[in-house]
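Take a look at the structure set out below.
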Amino acid sequence: MPDQPLTHRERRRERTAAEILTAARRLLASDGPTALTLRATAREVGMTAPGLCRYFPDHRALVQAVVADLYRELAAGLEGARDARPDAPTTDRLADAARALRRWALANRHEFTLIFGKPVPDAGTAPEDPAHDAGWRFGQVFLGLMTQLWREGAVPSPKPGEPTPTWWTQFDDLREHLTDPVPLPVLHRFVQAWTRIYGLVALETFGHLDFTLADPEPFFEQTLEDVLVALRTPHV
């Protein structure tokens, strides 16, 4: 059966929830994650904190909704960068996505801090949480491109019988989210690549490169090239 149209009351509730989310994001953008409280958000939309709790039952629910919204926004931007040059080599499209991540982070420092700084307790860990699917949509941009590189043979597979460290089995949970049987050594390279890209973006966003780099962009570009080379280097 087709979905039933929303009632007037349901539409009004959706509009109010959207207004609350917009207000919460406005507070986050102007004053940072610590400003994202129920009381402050309620004041922004002209209601009481108990009234706001009819839409978001507690602070955790509000923060999770904001995190989910940010992930969707970021994922859409990365997907746009990835798909802007559909005929370009996959390595170039991966680089385009990484550059888009850096641009977004630098333009949205408070938002980046919320979703990529200190972990939000339980945000996105359960499938029913609003940040879960949004977070995986973001993650699939990079995982999908790296998996495509492996399909193309650009990321070498290990030699048959090549031993792997026992701790690599920790990647098994991540591998369950992939549609391709990516070997653990290849997945290890994926995680290495991501941590280098994310780590450098985070260092710049949080101002931890200011001690030596007035313009971190050339360093980012060189690191990005190093990451792409490392992905394609044969196993030894």
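For all residues, glycine too, the Cβ spot is worked out from N, Cα and C.
Sequence annotations record features per position, and here TrEMBL assigns DNA-binding region to 37-56. With a cut-off of 8 Å between Cβ atoms, the residues of this chain six or more beyond the DNA-binding region (37-56) that come close are 13, 16-17, 19-20, 23-24, 26-27, 62, 65.
As annotated by TrEMBL, domain 'HTH tetR-type' applies to 14-74. On the 0 to 100 pLDDT scale, the model's mean across the domain 'HTH tetR-type' (14-74) is 95.
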